Structures are given as structure tokens and as C-alpha cells.
Amino acid sequence: MQRLAMDLRVLSRELALYLEHQVRVGFFGSGVGLSLILGFSVAYACYYLSSIAKKPQLVIGGESFSRFLQDHCPVVTETYYPTVWCWESRGQTLLRPFITSKPPVQYRNELIKTADGGQISLDWFDNNNSAYYVDASTRPTILLLPGLTGTSKESYILHMIHLSEELGYRCVVFNNRGVAGESLLTPRTYCCANTEDLEAVVHHVHSLYPGAPFLAAGVSMGGMLLLNYLGKIGSKTPLMAAATFSVGWNTFACSESLERPLNWLLFNYYLTTCLQSSVKKHRHMFVEQIDMDQVMKAKSIREFDKRFTAVMFGYRTLDDYYTDASPNRRLKSVGIPVLCLNATDDVFSPSHAIPIETAKQNPNVALVLTAYGGHIGFLEGIWPRQCTYMDRVFKQFVQAMVEHGHELSNM
């Protein structure tokens, strides 16, 4: 019995020494394991550098605008390196709202009245401590338009404001009716085809600071609205330039892409519930003209638009609304310099619907098309908490237009 106990102790000690050795050496200490790790790392790095990290495709209608961007907005000619562990479209799209920081911004709210008796909520960042533009009357103003159900609290809006603050600029965020907590005074919300509210906001802001450089930037649906406005008004706008990000160019193609099973599960259904939530709190305003019970049963953005948006804005059919809402139709009429950043892997805006040929025919338009980036993603760096590629494009472009925009008229 004593012998057996001694043998067990010896066996236990030997086993413990063996396990300790394995822990110390581990997988990485194994020649085979280390070779596998190194081999995989080299193969992945080669794949990433050859197939993922690429320079954007530039589609610019005019030689003057092309030279201007190369000289003053070089980021659009540089290789975009998506986050190495998250470069796929859906991953970038889903991760950005959760991983990017939210710089603190103190707003001043203003409610302006509309011709139909409604009101629009504007959130101002006045930047009164600007060291570069002490005189408020000439301080550059950037009008920011958030996405579908977005407000001034979105992280991408906060980052644009933070970058504008560094440049000394003032910002104002255009919150669509009823989404920012303000009361809805009339039975009307918003859509990207109807530009009346945006026209009122542009006129109002310009009337306050007529001597200040005035630019606009729109994200997703905000960019669609901005492009539709510019396409309708041409060069007769107080805006000197504009930028759009992750715009859906063809509403039919966007809807079809978002209705594919995985995209519907990840994005479409959630956004539909957000739209329903935004109108539910104002339900009493719509009951006379819209069947709200059917609206609340919608399972997709298309169904919501058919039962609510198209009806509210007087379209005969959903197809009529989607045709009018698609900014690709009006791109040829844009009359001021506009930079449009899209990722060709964006499931919200499929690449085949990007109006490349139309852009080539308008000297005021520049399309910047990255291979990756998703929808309002454009994450870069190992831990993409701070600035994205989209942010860098925004900052360089607005600075270029404010400081060197006069060169375009001389080219």
C-alpha cells in the first residue's frame, strides 16, 4: 500500500512537471504551432494588403475639381486601410455606433417656424471660442444633416462637429421634424424627396450669417435630401459646397438590397421599428389621413414607406415616391462642388446603382468610392475609437473649400 502511494506521488509529480512545462512552452513555444501562427499571419497580411487595403476610385466630372482635390484634399487619393480585424461591410456598419467615441458637444437649440405652421429643431454649436474666426459674422458655418432617424446626438455628427471645432468653424444640425423630442405641430414628418424644410433651413441660416462661408454635409438619408435639394435648385443656393456620405443613390436598389434575408434581419427590421417608434408618439396627428394600425404592422422600410411616407406626401404609388426620392436622377443638375463618399460594399447602397456615368458628365461632382467601409462605417486603425476615414475626408474637404475654394472659379 505504501509502495502504491509512493508510485502515485511520483506519477503525480511527473505529471505536474510535464503540465508545467507545457504551460511554459505552450502552443507558441511549439515549433509547429509557431510556424502555423507565423504562416497564417504572413498569408493574412499579404491578402489584406493585396485585396483589402486599396486607394479609392475617383470619378470626377471636371479636370479642375480633380486637381483641386489632389492638391487640397489628398486623403481621397490615399490608400484606405480598413480595420484589419473588421473590414467586412456588415461588420463595419454594425460596429461603428458601438465602438466610436462620442465627443461631448454643448448645443444651443433653436426652433424655427415653417410655412405650414410646423416647426424645425436646429441644434447649434456656435464655437464662440474659435481662435481662427473670432468674428462670428464671418465664421464658416457647416450645416449637418443626419441619417434616417438620426439626430444631433449621433456619433458621426459629434465627430464632424469636433473636427469643425478644431478648424474654428460653427455647426448647425438640422433635425427632421418630430425626431429630436420637439412637438409635432402639424400632421407632417419628413422624407428625402421633399426639400421644403431644408430650403427653409438653408435660407434661415444664411440670413443670420450672410457674410460667412456656408457649406453642408449630409449622411445617408441626410445626404439624399441634400443632393435632391441641390439637384432642384442648381447653383441658386447660398451653399458654396457640400459633401455627402453613404448616400443611397437609387431607392429601388437600396430597398431590394435591404430586403435580402440577412440584411433584413440585421438592418431593415430594426430601422422599421425605429421609424414606427418615431411616428407612434405623434399618432394622434395622423389618424385622419393614414391607417396607423397598418403602419405599425409594417415589417420593412418598403412597407412603412408604402403605408405612411408615400401617403403623407401625396404620392399616387410607392414607385412614384421612390422615383422622386432617388438622387441619381438629379445629380446632373447639381451646380456647386459636391464630394460624395460611398463604399462599394455598402448593403444600403449597392455599387451597381452608383451613378458613375452621370457623375462623369457634371464638372461639379466628385465620387470617392472605397472598396470597403460599409454604411457610415469607414473604420480604420487597430482600435477604431476615434477618427474614421469618413471623418478625415470631411475635415480635409470642408477646410479645402473654405480656404481654397476660390481657386475652383479661377481654374
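Quick reminder: no glycine exception, Cβ is built from N, Cα and C everywhere.
Annotation comment: Swiss-Prot describes SER220 (among others) as active site, charge relay system. The Cβ of SER220 (active site, charge relay system) has 26 neighbouring Cβ atoms from other residues within 10 Å, across all protein chains displayed.
Summarising the annotation, Swiss-Prot assigns active site, charge relay system to ASP346 (among others). DSSP assigns ASP346 (active site, charge relay system) to coil in the three-state reduction, placing it in neither a helix nor a strand. All chains included, 27 other C-beta atoms sit within 10 angstroms of the C-beta of ASP346 (active site, charge relay system).
The active site, charge relay system annotation in Swiss-Prot covers HIS375 (among others) and is backed by similarity to another entry. Within the same chain, residues at least 6 positions away in sequence whose Cβ sits under 8 Å from that of HIS375 (active site, charge relay system) are SER89, GLN92, THR93, SER220, SER246, ALA343, ASP346, VAL347, PHE348, SER349.
The domain 'AB hydrolase-1' feature in Swiss-Prot is assigned to 140-233.
Among the features that Swiss-Prot reports, transmembrane segment is placed at 25-45, with the record citing sequence analysis.
Mapped onto DSSP helix, strand and coil, the domain 'AB hydrolase-1' (140-233) counts 39 helix, 17 strand, 38 coil. In the three-state DSSP scheme, HIS375 (active site, charge relay system) falls into the coil class. The average per-residue pLDDT of the prediction over the domain 'AB hydrolase-1' (140-233) is 97, rounded to a whole number.
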